[in-house]
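*Asks:* Okay, these came from TrEMBL:
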- GLY26, SER27, GLY28, LYS29, GLY30, THR31, ARG139, LYS182: ATP binding site (BINDING)
- ARG52, LYS73, ILE74, VAL75, GLY100, PHE101, PRO102, ARG103, ARG143, ARG154: ribonucleoside 5'-phosphate binding site (BINDING)
- ASN107: CMP binding site (BINDING)
Amino acid sequence: MGSVTDSPNTEAGKKITVIFVLGGPGSGKGTQCTNIVQNFGYTHLSAGDLLRAEIKSGSENGTMIQNMIKEGKIVPAEVTIKLLQKAIQESDNEKFLIDGFPRNEENRSSFESITGIVPEIVLFFDCSEEEMEKRLLGRNQGREDDNIETIRKRFNVYMESSLPVIQYYDSLGKVRKIDAAKPIDAVFEDVKAIFEKVVA
Ligand SMILES: Nc1ncnc2c1ncn2[C@@H]1O[C@H](COP(=O)(O)OP(=O)(O)OP(=O)(O)O)[C@@H](O)[C@H]1O
Ligand SMILES: Nc1ccn([C@@H]2O[C@H](COP(=O)(O)O)[C@@H](O)[C@H]2O)c(=O)n1
Ligand SMILES: [Mg+2]
């Protein structure tokens with residue numbers, strides 16, 4: 001990986017299928033990715049989880065990443081893309097759910113120019129802010145950004161920077177919008193219907 005090729009989603013001779021999983025903070029991206037992995041054999045790469053692991057690893061970028069996450073800001077694309085590339089290269093799988101990425105225009109355009117990978121489809125979990133706030137405040141996973149002050153900042157970043165990326169993919173006909181306000185099992189029924197149509 002690292003350069004644009006004639007066959008954009010090809011890495012070391014294997015065809016890579018990438019699905020971006022987008023939606024607001026707390027819309028249920030991680031929850032549904034777990035279900036998709038169990039049922040459809042994808043590997044789940046959460047950009048947020050990779051960044052949190054980078055902090056824990058004691059990397060030189062750790063303090064910068066931690067400060068950005070506390071403020072609900074988007075880490076420079078170059079950092080997140082390196083983590084995603086490494087995870088893709090180290091995996092034996094060819095099918096990836098990339099959760100929480102691209103989060104802004106810089107994420108999107110840098111990923112495309114650096115990797116040449118284009119998503120097969122983009123899953124968009126659509127949920128009201130009121131419901132997402134309730135879920136995040138009840139999540140109880142010890143995340144430093146699940147407090148009301150940071151949650152509000154994350155919502156602002158989502159509206160200003162992430163929604164335009166979803167709109168961009170919608171203009172390309174790639175977005176599959178899901179009503180994420182339903183109960184978890186009902187959301188997964190809708191997700192399944194979409195995946196049954198995706199060519200493996
Ligand atoms: N459909 C749902 N109905 C009710 N609760 C849900 C639903 N989906 C997920 N949850 C719960 O909401 C919380 C947030 O879900 P999850 O971590 O999957 O969201 P996320 O989109 O990955 O959030 P983030 O962007 O912050 O990582 C979790 O506690 C999860 O159990
Ligand atoms: N592409 C991304 C994804 C995430 N971040 C930072 O991580 C925080 C948590 O992300 P989740 O998807 O786990 O909610 C997010 O608020 C950002 O600070 C990022 O910078 N770039
Ligand atoms: Mg998540």
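Just so it is clear, glycine is given a Cβ too, placed from its N, Cα and C backbone atoms.
Automatic prediction, not curation, is the source of TrEMBL annotations.
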*Asks:* Taking a cut-off of under 6 Å between Cβ and any atom of ligand 3, tell me which of the binding-site residues GLY26, SER27, LYS29, GLY30, ARG143 pass.
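*Replies:* By the Cβ criterion, which requires under 6 Å to ligand 3, the hits are LYS29, GLY30.
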*Asks:* Any idea of the Cα spread of the ribonucleoside 5'-phosphate site, ARG52, LYS73, ILE74, VAL75, GLY100, PHE101, PRO102, ARG103, ARG143, ARG154, as a max distance in Å?
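*Replies:* Comparing all Cα pairs, the maximum is 21 Å.
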*Asks:* Select the closest residue to GLY26 (ATP binding site) from the following binding-site residues, measuring between CA atoms: ILE74, GLY100, PRO102.
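*Replies:* So, of the listed binding-site residues, the one sitting closest to GLY26 (ATP binding site) is GLY100.
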*Asks:* Would you mind reading off the Cα separation of GLY30 (ATP binding site) from GLY100 (ribonucleoside 5'-phosphate binding site), to the nearest angstrom?
*Replies:* 9
*Asks:* Would you mind sorting out which binding-site residues among SER27, LYS29, ILE74, GLY100, ASN107, LYS182 put a C-beta under 6 angstroms from ligand 2?
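*Replies:* Close enough to ligand 2 are ILE74, GLY100, ASN107.
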*Asks:* I'd like to know which of these binding-site residues, SER27, THR31, ASN107, is least surrounded, judged by other CB atoms within 10 A.
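*Replies:* Checked SER27, THR31, ASN107; of these binding-site residues, fewest Cβ neighbours within 10 Å: THR31.
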*Asks:* If you measure LYS29 (ATP binding site) to ILE74 (ribonucleoside 5'-phosphate binding site) at Cα, how many Å is it?
*Replies:* 17
*Asks:* Whole-number answer please: how many Å between the C-alpha atoms of ARG139 (ATP binding site) and the residue listed as 'CMP binding site'?
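*Replies:* Rounded to a whole number, the Cα-Cα distance is 26 Å.
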*Asks:* When you measure from the Cβ of LYS29 (ATP binding site), how many other Cβ atoms are you left with inside 10 Å?
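*Replies:* Result for LYS29 (ATP binding site): 23 other Cβ atoms within 10 Å.
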*Asks:* Specify the count of other C-beta atoms within 10 Å of the C-beta of ILE74 (ribonucleoside 5'-phosphate binding site).
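*Replies:* Result for ILE74 (ribonucleoside 5'-phosphate binding site): 19 other Cβ atoms within 10 Å.
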